[in-house]
């Protein structure tokens with residue numbers, strides 16, 4: 001039985017003060033979620049990980065933290081990077097790797113993403129490995145080939161039992177355009193087939209909102225969501241976390 005993971009990626013948003021105030025609103029709104037039914041994850045900016053880890057320590061039983069990236073070395077001359085050892089000290093559970101934004105803005109390769117994912121697993125972190133195609137690649141009929149390459153190269157040598165994959169069609173991220181639920185489900189099913197492990201957790205990401213979450217989570221091969229902009233409002237994110245299957 002695959003346990004859905006609802007994750008909010010704040011990206012480069014919220015100061016430490018704002019993050020704490022957010023949690024003061026969010027945590028009470030999650031109290032009725034069946035804890036055995038789903039897991040809730042927040043990926044704040046690196047600066048907010050420490051205050052949030054301290055704040056939620058004794059305040060909830062169902063909320064975990066994720067980093068927005070992780071380096072493959074434990075330490076060294078890697079300006080602006082964060083090591084897995086640093087994250088371990090903060091009781092961080094997951095690490096997002098391969099998101100389309102660092103792929104686009106910092107030219108991250110599948111090889112680098114693979115190294116990040118391996119480093120995460122080597123330090124007891126669960127990597128959330130993001131894959132997805134551009135609009136042009138989809139229009140040219142290249143979506144499946146591109147995603148399969150990302151899976152094969154990005155997950156080489158990865159322990160699939162300690163892994164989350166997030167399918168995020170790049171053309172749907174932050175655009176208001178959502179991949180139709182049936183099509184997202186089809187791609188997630190293909191990803192599961194390519195990985196070759198039935199119980200791998202596969203999320204969908206791309207303009208997930210409170211008004212489409214119930215349909216998305218009703219799909220048979222979608223095991224959660226990776227939410228961007230819609231996770232910045234605690235009331236809105238709570239509605240997403242409290243989804244009900246149709």
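Our numbering is plain: 1 for the first residue shown, then up by one each step along the chain.
Heads up, the Cβ atoms here are built off N, Cα and C, so glycines get one too.
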Residue from 207, 210, 218 that Swiss-Prot also lists as binding substrate with 9, 10, 11, 174, 228, 229: 207
Residue 228 (substrate binding site) CB neighbourhood, other CB atoms within 10 A: 23
DSSP three-state assignment (helix, strand or coil) for residue 229 (substrate binding site): helix
Structural state of residue 10 (substrate binding site), classified by DSSP into three states: coil
Distance, residue 99 (active site, electrophile) to residue 168 (active site, proton acceptor) (CA atoms, angstrom): 8
